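Report on the following structure.
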Amino acid sequence: MARPVSDRTPAPLLLGGPAGTPPGGGALLGLRSLLQGTSKPKEPASCLLKEKERKAALPAATTPGPGLETAGPADAPAGAVVGGGSPRGRPGPVPAPGLLAPLLWERTLPFGDVEYVDLDAFLLEHGLPPSPPPPGGPSPEPSPARTPAPSPGPGSCGSASPRSSPGHAPARAALGTASGHRAGLTSRDTPSPVDPDTVEVLMTFEPDPADLALSSIPGHETFDPRRHRFSEEELKPQPIMKKARKIQVPEEQKDEKYWSRRYKNNEAAKRSRDARRLKENQISVRAAFLEKENALLRQEVVAVRQELSHYRAVLSRYQAQHGAL
């Protein structure tokens, strides 16, 4: 149904612009005049936000919708509606933009709250080997691998310092744990020296009780071939003593003095002979124990060498794949 001529809004009022303006800018000037005429006094606190929303709504208002068409000042019909006015030409309420929340790029992100994580400690917690140093160079001191904090955007204001961030204290604890791990690894790499006399080889050695009786001094502790140690003087070769030439003494000269001296010499020779035989028995029993222990240790050395060659092959493959340690 056609409207009366008096109810129609003249096109030059909305679409027409002042003299000298381009024909495409009439709709923009008419919409701006309508917005400025219907705007209410704004509060100072929300002035900046409303100004941004109005600037964002201007390009959307000039774009034709799916059911509207914009026409120039020459061919605009009498009942055309431009911008946000009423069909009769009266200024209506301006449609608010669809998104009232602040824009994503205008938000202030907490870039200062960045937690620092030690890379070696993280790998050790998850059962992974630490990162090897670069090959060919000296091993640098372990330094915590910190995540670089991104530079704050132009909209962020007064971001907190990394030192005052709440995640910095757990990071220090993680660094302390990692340093303690490295100290423990270093102490295990260089073990303390071991006294060879305190090492006992697990073996079964049961000497003959008769040999132990011949190797022990009567009235003293039983000889133990496992723990007995001979001195250097005892282990030296003993010289062969030549037997003294026998002197024939006539019967008439064999008095009490002669028999007393001969008795003492026989006792000394017997004591020397018993001591020599005792030492020989001890050395023989000790040598039997050492021979058996030596055979067992040789087998252990062969097993250790095989294990060492296996570990060296594993280490060489690791260095070929990941570089030198």
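Placement of Cβ uses the backbone N, Cα and C atoms for every residue, glycine included.
Of the candidates S86, S161, S165, Swiss-Prot records phosphoserine for S86; the remaining residues carry no such annotation there, which does not rule it out for them. Beyond the ends of the region 'Disordered' (229-255), by six or more residues, the same chain brings 197, 276, 279, 282-283, 286 to within a C-beta distance below 8 angstroms of the stretch. Confidence for the region 'Basic motif' (257-279), expressed as mean pLDDT, is 92.
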